[in-house]
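Have a look at the structure below, then the notes.
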Amino acid sequence: MELHRIGLVFCILASVLELVASYANGKVTEACRSMKPRHGGTPKPLPSVHTMTVDKTEFNPGDQIKVVLSGPSFRGFFIQAHDAANIDSDAVGSFILLDGKVSQLLTCGHNQHSAVSHTSSSGKVKIEVLWNAPSNAPPHVQFVFTVVMEYYIYWVKVPGPKISQPNAPPLPIHIVPSSLPVTTESVAQLNKSFTAIGCGSSKFCVRDPSDCDPEKNPKCFFLSFLTDNCSLVIEMSGPGNGYVSFALSHDKWMGDDDTYLCVKVDQEVQIYPAYATGRTRPIIGMETSLREKAWRFAEGVIQCSFRRNIHIPAHKNRFDLDQKYYIFLADGRVERGVVHRHHHQPLITAKKFNVTGSPESIGGSRSPLIIKTHGALMFIAWMTTVSIGVLVARFFKPIWPDTVLFGEKIWFQVHRTLMMFTVLLTCTAFVLPFIYRGGWSKHAGAHPFLGCTVMILTVLQPIMAVFRPLPQNPRRIIFNRAHWGTGTVARIIAVAAMFLGMDLQELDLPDPWDSLVLTGFIVWHVLTDITLEAHGYFINRKAKPAEEDQSNIVDSIGSTETTGHSFRKKVLAIYICGNIAFLITFLVAINRV
């Protein structure tokens, strides 16, 4: 039960791809014209923090020019040369590699080897290549490059140095009209934390836990929507060093979701709209759909806010906010600018809500009901019914030697009934994750393998019982040992599966509380087992001297049995009360996640 996806899960943050991901291998010929990565998002404004130099500024056809791209570590690059008088024309000339391990030649347009790009997304600080001037080279040539520093940090078509042929006429001066200024919207920095004041009265809030107030306790998850005429002011806060995000979805399954991410990159927080198409990396949308962006990162807490219109007809992947949606709230890690799968199951609201409707303060669940049911049934089976059934069979055969229930001794009927319940509960719980996942879970680690082993041993036990020999049969000892061995191995593996399952994403019980409580139950059971074993040993020792005194044998044995039976019944009653207390503790915890 690895908290790995209530079908819903933010499809959004789900994959572990390499950087420069659409073109991690540098095969970027599809982007020859635009020179823009297919990451989505918006390129950083010029100038770039990277520089390009050439070893000479004058050339003749046939010359070789050394071109060097350098700067802070970058993941990807794309270099071309163009006619400086028409920078949008086809690439001219050809390149020669100086290091084929980090760079490769590409063909843009009709000119072979007219571009250079990276071979992988590993870090680089300098790239050196040679450019061959063609026989039909234009009078002036300008180098142009795109550089990807991190997944969300890149510059496109950065103007590089210009080189000219001897006696070439000067380039015309282009005047940029003042009516077309190049501007970039500034992102403000928040000077204080958000507050939960107004939740349920003036703004719509999603909180985890339900009393979350980032102003008082920033280590909680908070999302608010404040309607302001035709737009909403959205605030999001959560602990983490990677990202926090939320999504609007038509259902509880990932895919086709309107997503928003606040991503910590270096010492800043980048705010991105995105669209999730499935269990893949979200597609970054146009940042122009958001405005009045602001952020804050302090004490390990990411906070961001922005304004978004209720309706954005120009952006088809931005949902209308006056409709009802399920709301997802997630967080996770960021590595080299890439958003990775969430740390734990996203919070998902129980039903659809209209964030522009009546203000409410709501919570949600981080675990799907079907996975909660799986965990609850397995705890009932392997913490309670199995444990009590084993104790009854091992220590309580002499308690009711002549009492019969439906034709069988009562201890056997109790043991068999509890074990059949175990089989039924285990079989029912076993199929639930497969129904939820639609197959095998690839991210659940060893838990599903252990679960399958337990399932096989569980089914094997009643099959062996059907074919068990009669008590007088000499082969009965083989059955007894096989029955005991199979059951013991199943219980040990089941405990290991429970320890692992409690920390999976789909059912992530609080740490370290869950492991401590389960360890406490194991100690409780072992102490009970030792107590009953020791009691039986001392009772037997006490009975042997009495057997030697024939005059008192009847009275001594009768008194010993009565005393021993009473003690064992009390121990069993106390054990069952403790067992049920541990079970209820886990069931309550499962219900709350």
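Heads up, the Cβ atoms here are built off N, Cα and C, so glycines get one too.
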Given ranges 142-161, 482-501, the stretch to which TrEMBL attaches the annotation transmembrane segment: 482-501
Helix, strand and coil counts within the domain 'DOMON' (217-332) (DSSP): 3 helix, 69 strand, 44 coil
Long-range neighbours of the transmembrane segment (448-470), counting only residues six or more past its ends (CB under 8 A): 382, 419-420, 422-423, 426-427, 430, 433, 440-441, 476, 478-479, 482-483, 486-487, 489-490, 493-494, 496-497, 500-501
Model confidence over the domain 'Reelin' (13-181) (mean pLDDT, whole number): 82
